[in-house]
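A short write-up of the structure that comes next.
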Amino acid sequence: MAKFIINGGKPIGGTFHPRGNKNAVLPMLASCLLTDQPIILHNVPLINDVKVMLQLLESIGVEVALEDHTLTLCAKGLRTTELDAELCAKVRTSILLAGPLTARHGGATIYPPGGDVIGRRRLDTHFYGLRSLGADISTDHAFRFKAGPLTAWKMVFDEASVTATENVMMAATLAEGTSTIYNAACEPHVQDLANLLNQMGADISGIGTNNLTIRGVGKLHGAEYTVQPDFMEVGSFIVASAVTGGTLTIPDAGEPLVQQVMQRTFSKLGVEWTRTGRTLVVPRQTERCIRPDEGNATPKIEDGIWPAFPSDLMSVSIVLATQTQGTALFFEKMFESRMYFVDHLMGMGANIIQCDPHRVVVIGPTRLRGSKLTSPDIRAGMALLIAACCADGESVIHNAQVIDRGYEAIEDRLAALGADIVREH
Ligand SMILES: CC(=O)N[C@H]1[C@@H](OP(=O)(O)OP(=O)(O)OC[C@H]2O[C@@H](n3ccc(=O)[nH]c3=O)[C@H](O)[C@@H]2O)O[C@H](CO)[C@@H](O)[C@@H]1O
Ligand SMILES: C=C(OP(=O)(O)O)C(=O)O
């Protein structure tokens, strides 16, 4: 099992280039199954989840060619539509193969997906959507999908699930007639996927809203597309720089609107930056204070579906608050187990009250001490890495491969910006 050894106290700064968005590229990999022509993707992050998805695709006959960060996929001739159970269990997005396989190949056998263990992760909305389009689905130890040509349906999702929206939207591109998904998720990665699908010949409108209209087309074709920068990486590196006293420039930090959503919350936590188009500069800020709400009330940082603050940035934001003057309440509304990692921060010296599984109060600033830690999930792992970078002394973070699921060569990229970090096996 790999681990990271970090000696804290070094400023993290310089120029940072985020990789492509993990949660955009993973469904894009699944979308290659909707056509027999090549899909070329640029800015593909070389992360573990991508590697597993590529193994899954290759195992059923997709041709895969990777050169640097450009990937070419061609699903011309598939050997099978049955996936390997162990591989399915390694990533959440294995379930995203269901929609495309059912729409273009008449069915699939898929096993329960994996992904971060951060609370219950439902699939009900996926099944509702695919059944609405005419798929017959049985679910015991395997999920078996069967369908003739899919037919459009007007759907109302019970929750704005990111992956369910992606799965059902992909399937609906090839259904006969016009489908609508009301209460769809509209996170930047859902939009990125929809834009790729439109380049492949799909007819999706309402992109960026919670009401999608998908006019089915007979066939999709190949496309070439650049994955948008990962705003979880952008947010994580902003925090890493702010808490270690660095100055950071990010030449392509993504769409201004995406940056604005992050800035709304980070500025409450005392981090300011300047934005010029897609470029972002975070200056060194020594005296950072949590900004109280009107009437001097303790601010509440809560996550939610887009354009609320993303759940995947909650963990790094908690670390930021431990290094900022003031008090903030964090309310994680989506996942039941995401907050438990604060135990590790408390062990390092942070002043945190865990009220219940969903809420913690952070009182900052506190000096952190280097510790022996274990990464429970991708984002908590990254948060602990950042905490270790600003702590006194040495920290060891076990379970490095969990962080590798979502961040490419994280130790090299942090070290290039000044962190003292090495990987050991
Ligand atoms: C591969 C991928 O893209 N993973 C992301 C995706 O996971 P994923 O698509 O699995 O997450 P979902 O959007 O389905 O939902 C996450 C959890 O929140 C609950 N829920 C969701 C919506 C809602 O309105 N109310 C509610 O309570 C769901 O029951 C579920 O337990 O979206 C999550 C939420 O942005 C992110 O943390 C994950 O990184
Ligand atoms: C929870 C996450 O990923 P997944 O849904 O793939 O487990 C994440 O990216 O933070």
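Backbone N, Cα and C define each Cβ position, glycine as well.
Per TrEMBL, the feature domain 'Enolpyruvate transferase' maps to 7-414.
Sequence annotations record features per position, and here TrEMBL assigns phosphoenolpyruvate binding site to Lys22, Asn23. DSSP gives Asn23 (phosphoenolpyruvate binding site) a helix state. Applying an 8 A CB threshold to same-chain residues 6+ apart, the list for Asn23 (phosphoenolpyruvate binding site) reads Val162, Glu187, His189, Asp230, Met232, Asp312.
For Arg92, Asp312, Met334, the entry in TrEMBL reads UDP-N-acetyl-alpha-D-glucosamine binding site. In this view, Met334 (UDP-N-acetyl-alpha-D-glucosamine binding site) is surrounded by 18 other Cβ atoms within 10 Å of its Cβ, with every protein chain counted.
Taking the Cβ of Asp116 (active site, proton donor) as reference, residues of its chain lying under 8 Å away and at least six apart in sequence are, in sequence order, Arg92, Asp377, Ile378, Arg379, Arg405. Following the DSSP three-state reduction, the secondary structure of Asp116 (active site, proton donor) is coil. Annotation source TrEMBL lists active site, proton donor at Asp116.
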Length of the line joining the Cα atoms of Lys22 (phosphoenolpyruvate binding site) and Met334 (UDP-N-acetyl-alpha-D-glucosamine binding site), in Å: 19
Span of Arg92, Asp312, Met334 around UDP-N-acetyl-alpha-D-glucosamine - largest C-alpha separation, Å: 16
In sequence order, those recorded positions of Arg92, Asp116, Asp312, Met334 whose CB lies under 6 Å from ligand 2: Arg92, Asp116, Asp312
Sorted by sequence, non-Arg92, Asp312, Met334 residues with Cβ within 8 Å of centre, UDP-N-acetyl-alpha-D-glucosamine: Gly115, Asp116, Ile118, Arg121, Val162, Ser311, Phe335
